Amino acid sequence: MVGSIFGWLGLLFAGMPVGFSLIFVALAFLILTNSTGINFAAQQMLGGIDNFTLLAVPFFVLTGHLMNSAGITERIFNFAKSLVGHITGSLGHVNIMASLLFSGMSGSALADAGGLGQLEIKSMRDAKYHDDFAGGLTAASCIIGPLVPPSVPLVIYGVVSNTSIGALFLAGAIPGLLCCIALMVMSYFICKKRGYMTLPKASRREQFKSLKEAFLSLLTPVIIIGGIFSGKFTPTEAAAVSSLYALFLGTVVYNTLTLQGFIEILKETVNTTAVVALMVMGVTVFGWIVAREQLPQMLADYFLTISDNPLVLLLLINLLLLFLGTFIESLALLLLLVPFLVPVASAVGIDPVHFGVMAILNLMIGILTPPMGMALYVVSRVGDIPFHTLTRGVLPLLVPLFIVLALVAVFPQFTLLLPELFLGYGQ
């Protein structure tokens, strides 16, 4: 089994896609050990994606792409500018606020970086902001998306760990807001030190105009969250409704979405969904082998020999995820490793909802750290900024995010307050 894990890492570093590498290693293990046949492996893989809740993933991805292509991102950016553009930090705060608002529609960090990134960086460049700060802040602010509902990573975590997605959505809201506030504080000090310009304060008329233009877009998270918690529809149905609503805005209300553009959006959605589905298939069969070999129990026993103190275990798990997140794609870690860490956390009384939000925040910090740093690569491409410049700009912004991660890990009330208040979770 250890050889299989090292084999998988070897294939991963050689450039093989995560899903293919997992399937290849799993099939090789089954053949070499004369275990159950290939037919069983195929059944496991198909069973892994035969899940109604996972249908939320392509619909949320589709919603994000529709919002990007329908001109909605510019409306959100202008609304954020009218609210906080006059505060010291100006376009830095606008960048963060726009990411927070957009996160309620897409739920994906990379969709945020790719959709808002170009607009945010151009605006900051025009205002004489340096590329390292503009690009670094754009990358850092995009991690708010996977925490604030709706969130694709939270849906995936809920499926693989059998945890309530509704509770996870509520649990991620406060940590997402904390990340927003922490980044704004750091942005304030950096902008003040560098002497960046501050926009004039928008008048009430201008604020109302920008709100009017963005209002229907801002209703998207209200429809999603309100529908779920009023019992009108499930998270999967909410994702489908949000896609239809985004399509309605782009074609009927704003009339900015063309047929050719819609076809391209569908292609991008299929490509993204196929990558996720392939990973889920690979993780399902590989996870079955890992479970059969009792690796999760061995891992739990090992951690418990070090300490049975929840805070010590959370520290060790966070360090492990931060280390692995620097060179392994975050979605792969979420699918492969996190489900096996949940029993370790549960063994010492750590709530799975609290653990899930903490783990996803940790993994999102991982997409900001080189050499993997997927958000850095996306921002580098859309903003035409050298990778080393982005790395220099994002490093000081990791400090407030680490502080938020520590607060979330130590104080579960940040994650469990809203689920307990609105859902009676844990009672």
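Backbone N, Cα and C atoms are what each Cβ position is placed from, and that goes for glycine too.
Taken verbatim from Swiss-Prot:
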type     : residues : note
TRANSMEM : 11-31    : transmembrane segment
TRANSMEM : 52-72    : transmembrane segment
TRANSMEM : 82-102   : transmembrane segment
TRANSMEM : 140-160  : transmembrane segment
TRANSMEM : 165-185  : transmembrane segment
TRANSMEM : 214-234  : transmembrane segment
TRANSMEM : 246-266  : transmembrane segment
TRANSMEM : 270-290  : transmembrane segment
TRANSMEM : 301-321  : transmembrane segment
TRANSMEM : 322-342  : transmembrane segment
TRANSMEM : 348-368  : transmembrane segment
TRANSMEM : 394-414  : transmembrane segment
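Listed stretches 140-160, 214-234, 348-368 were compared with the transmembrane segment (246-266); the greatest number of C-beta pairs under 8 angstroms is found for 214-234. Between the transmembrane segment (301-321) and the transmembrane segment (52-72), the number of CB pairs under 8 angstroms, six or more residues apart, is fewer than three, so the stretches are not in contact.
Across 82-102, 140-160, 214-234, 270-290, 322-342, the stretch most heavily in contact with the transmembrane segment (11-31), judged by Cβ pairs under 8 Å, is 270-290. When the stretches 82-102, 165-185, 214-234, 270-290, 394-414 are ranked by Cβ pairs under 8 Å to the transmembrane segment (52-72), first place goes to 270-290. Same-chain residues lying 6+ beyond the ends of the transmembrane segment (214-234) with a Cβ under 8 Å from its Cβ atoms: 53, 63, 67, 72, 75-76, 78-79, 101, 104-105, 148-150, 166, 169-170, 241-242, 245-246, 249, 253, 422-423. Using a cut-off of 8 Å between Cβ atoms, the transmembrane segment (322-342) and the transmembrane segment (348-368) share at least three residue pairs, counting only pairs 6 or more apart in sequence.
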